[in-house]
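Notes for the one structure printed next.
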Amino acid sequence: MASGLPRFLQALPAEHGPEPLRTRVQEPDLQQWGLTGIRLRSYQLEGVNWLVQCFHCQNGCILGDEMGLGKTCQTIALLIYLVGRLNDEGPFLVLCPLSVLSNWKEEMERFAPGLSCVTYTGDKEERARLQQDLRQESGFHVLLTTYEICLKDASFLKSFSWSVLAVDEAHRLKNQSSLLHRTLSEFSAVFRLLLTGTPIQNSLRELYSLLCVVEPDLFCREQVEDFVQRYQDIEKESKSASELHRLLQPFLLRRVKAQVATELPKKTEVVVYHGMSALQKKYYKAILMKDLDAFENETAKKVKLQNILTQLRKCVDHPYLFDGVEPEPFEVGEHLIEASGKLHLLDRLLAFLYSGGHRVLLFSQMTHMLDILQDYMDYRGYSYERVDGSVRGEERHLAIKNFGNQPIFVFLLSTRAGGVGMNLTAADTVIFVDSDFNPQNDLQAAARAHRIGQNKSVKVIRLIGRDTVEEIVYRKAASKLQLTNMVIEGGHFTPGAQKPSAEADFQLSEILKFGLDKLLSSEGSSMEDIDLKSILGETKDGQWTPDALPAAAAAGGGSLEPEEGSELESRSYENHMYLFEGRDYSKEPSKEDRKSFEQLVNLQKTLLEKTSHGGRTLRNKGSVLIPGLAEGPIKRKKILSPEELEDRRKKRQEAAAKRKRLMEEKRKEKEEAEHRKKMAWWESNGYQSFCLSSEDSELEDLEGGDESSAELAYEDLDSTSINYVSGDVTHPQAGEEDAVIVHCVDDSGRWGRGGLFTALEVRSAEPRKIYELAGKMEDLSLGDVLLFPIDDKESRDKGQDLLALVVAQHRDRTNVLSGIKMAALEEGLKKIFLAAKKKKASVHLPRIGHATKGFNWYGTERLIRKHLATRGIPTYIYYFPRSKARHSQPASSSSAPLVP
């Protein structure tokens, strides 16, 4: 080819396509090299072989399988191949959103335990320590981190020569001007792999941006316009389409569930319409009239119009999203449900689903709407978990775990925070309270339930306000999704128009007028009850009946939407749900809509003129001047008397106290239910806990008298009540009495190495076995004490040696260990006192935390003295002797000489 052609054309492969691998990778090979805990499906094994081929051809690539088909496990299998077959020790860098970081870590541990994986997270100080460790010890295979930390510590990560750079949820890179895109282009990587369930969302430009990451030499930044211009008319030019297929074939693999996961249960989407309450209608009109200037010049007022659209969407969700609308004293009641047509429908929908034994993922765009839904869940007594953008990684993981392991009815999620990477197949019903402008976000959210591992049919229910902007937003999203499906199909890039459709030129000011004719036809509520069974279909034994389609979906207020990839999806939209009475509302507002809007505007202007001529000036033209509110004099805020203020204060206090009491009762009920479930689980596994009961220590607190007077008494006691000795605490210097050895552990259930951990393992096989089993059975909480004998290998002639493991440290999911938590240590010492008192035993401790920088030994010593020594328990603190080391007396115990 001529040298003047763009680089991507110079690298165009031959007509016959890429040469196949001489030797295919088989699953037994991967198992031999270290793959465990999974049986790859045939299409996943094909994907692994395709990735291997790309690696050998030195092509970066995009694995664009639909959400839920196992892109993570295919990537891990590739890394296993590189290490096991090619002896490529990496390092490999994996970038992903924070929301799926724990999932990546768990699947690395599960599928590739032979690969060492470092999770690079934490605050600045923690990451600095990790950087030092990684520089000193480079023997890791995989470094796992998030986009945000990659940007913060780009200079450190650039210092490595990565064998593989893998980016999960890679549609984050669709803009080649973004900081992350520019940063990753500076990384040194032999092979670049992008994972995304949505390889193209809007345009050829976005696709080129991804190609620019995987093969920057072929798809250079400067030639994006050449790419767009060459292929923008591929729908008309079959030669260009064929050329584009060949160009993309080495770089892009895309499979959808309908093609490869035929055993996956069916997914059906149903659109259910709802009316509006009178309160919602009132505010809907008021929002439209708040800023009339915005409708005069759309180009200049686009931001204002977008704000109006957002406010209208909030109004359709719930009027309480606006300050000052909810009536005082802010007590949850039926008014919360009746104020919103959407929540009125959702209330009946959830009751229907609950009685049928279904479990629900409930998505909303707005976290404030999730707040209202959370109040509603508490009011109705439904069990739920919640995840949104404010929920930290550890809490997010716990919520997902709880939903998977417990019969929780609803999982509340924000679409963008909860729509990425989560596996929530315990749910069989997905409800979208409102729709995203980008349909790919909704698709990803629905894929949390409809994915590999789901064994039930999935029903996706979308709630849309009738005759509101929600209708036109959803229609535009559906059109956008149809365009995307034309662009990429069956693993190839296929002909599809990339020019904006007619709707893209649709004026925003026109969107806001949609449906006004019918919406404003009456002032009253348009909410009504509908037959949910006829709309949603049959349900039996907690499962949707896959073969029974709803009989009255379209007629009864609902509309069936086809599953992605089905034949229905490619049909004409001529009979779409937006075609009412022969008029296509998806194209533009009707004449009646425009007429109703003009009437509103004229009325608003008349009211403004009357108010102005009446001698009053408006401080804010955005005042809510609508029929029913503007008639008569403007109502002033009532000035309350001191008695009325006091009465209101008391009512608010009573309401707050009642809410607090109800929340406490529900919390206790939930804890009791969880405890009963855990006891049943333990019994089914034959597990017996070694934890000391906390009831006796709580009783001891009640009987212990005045703490302050006790503290004063301790000051007068001789410090020799603690015996300081030199020796090995695992072989206590005891007489004929029982001896309790104390050791502090964390709540992870992973036994440590070195120091006292190793010494205890030499002494007995029980500590590691009992501690790790307690971790597996979720029997390790801060403040717990595991007490058990350790005389299995050696014993004294008289008296028994026991080990008390105090859970006093927390290890988070990124393997960061906290310091010793004094409250947990104190709780543990209380329990040890009662056990030692009953057994008439002595207590033997190492110098807890002596190697920890900044550890409060003085406070620890006081706790030991307070709860053990001064209460009659023989207490010994051991200093381990080391060669050529002289043991000096601790400053806090100057009168206690050490035994040499």
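Any Cβ shown, glycine's included, is placed from N, Cα and C.
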>> Of the ranges 168-171, 220-223, 332-335, which one does Swiss-Prot flag as motif 'DEAH box'?
In response: 168-171
>> Let me check the 10 A CB neighbour count of GLY70 (ATP binding site). How many other CB atoms are there?
In response: 22
>> Under 8 Å between C-beta atoms and at least six residues away from its ends: which parts of the chain pack against the coiled coil (643-680)?
In response: 328-332, 378, 381, 383, 406, 778
> On a count of neighbouring CB atoms within 10 A, which of the recorded positions THR72, SER534, SER641 is highest?
Replying inline: THR72
> Can you count helix, strand and coil residues in the region 'Disordered' (641-673) using DSSP?
Replying inline: 32 helix, 0 strand, 1 coil
>> When you rank ASP65, GLU66, GLY70, LYS71 by Cα distance to SER641 (phosphoserine), which of the binding-site residues ends up on top as the closest?
In response: GLU66
> By the DSSP assignment reduced to helix, strand and coil, which category contains THR72 (ATP binding site)?
Replying inline: helix
>> In whole Å, how far does the CA atom of ASP65 (ATP binding site) lie from that of SER534 (phosphoserine)?
In response: 35
> How long is the line from the C-alpha of MET67 (ATP binding site) to the C-alpha of SER534 (phosphoserine), rounded to the nearest angstrom?
Replying inline: 30
